[in-house]
Amino acid sequence: MKHVDIFTDGACSGNPGPGGWGAVLRYGETEKELSGGEADTTNNRMELLAAISALNALKSPCEVDLYTDSAYVKDGITKWIFGWKKKGWKTADNKPVKNVELWQALEAAQERHKVTLHWVKGHAGHPENERADELARKGMEPFKRR
């Protein structure tokens, strides 16, 4: 099984507002960069889309170390999702889970891979995370109102 490192980030101008996501995928010496955005979104949606898009870009099952500066993404997929599913995608206080379609897409995207999630402090000089942030801002650009 190939080993791939993935670094993701999301950005939003206003929250909600125009947003973007970025991802850097590294397999050995090979790197691939992905980015995209939406006109009206939130930072959490962009963080989720970065991870989903990166995992879906992998052509075969891989062992993945996924680095995110989003505690929301890390805690959601490693802790909260199990309870949400048990309760029919409801939170502890019985409210519908926000961004449920993205959580379901992230769960599906990681199913064929062996994913280990890592939280990194954002904007702390981590080169690949800084690059993912640049890509997220680039992905947001076309949607910003001038």
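Placement of Cβ uses the backbone N, Cα and C atoms for every residue, glycine included.
Note that the structure is a prediction, hence the values are computed from the model and not measured.
Under the heading domain 'RNase H type-1', Swiss-Prot lists 1-141.
Take the CB of ASP69 (Mg(2+) 1 binding site) and look out to 10 A: across all protein chains shown you find 22 other CB atoms. Taken from Swiss-Prot, the feature Mg(2+) 1 binding site covers ASP9, GLU47, ASP69, and the record attributes it to sequence analysis.
According to DSSP, ASP133 (Mg(2+) 2 binding site) sits within a helical segment. The annotation Mg(2+) 2 binding site is assigned in Swiss-Prot to ASP9, ASP133 on the grounds of sequence analysis.
Same-chain residues lying 6 or more positions outside the region 'Disordered' (123-146) and placing a CB less than 8 Å from one of its CB atoms are 5, 7-13, 18-24, 26, 33-39, 46, 50, 67, 69. Annotated region 'Disordered' per Swiss-Prot: 123-146, in sequence order.
The compositional bias 'Basic and acidic residues' annotation in Swiss-Prot covers 125-146.
Recorded residues ASP69 (Mg(2+) 1 binding site) and ASP133 (Mg(2+) 2 binding site) have their alpha carbons 10 Å apart, per Cα-Cα distance. Counting Cβ atoms from all protein chains shown, ASP9 (Mg(2+) 1 binding site) has 33 others lying within 10 Å of its own Cβ.
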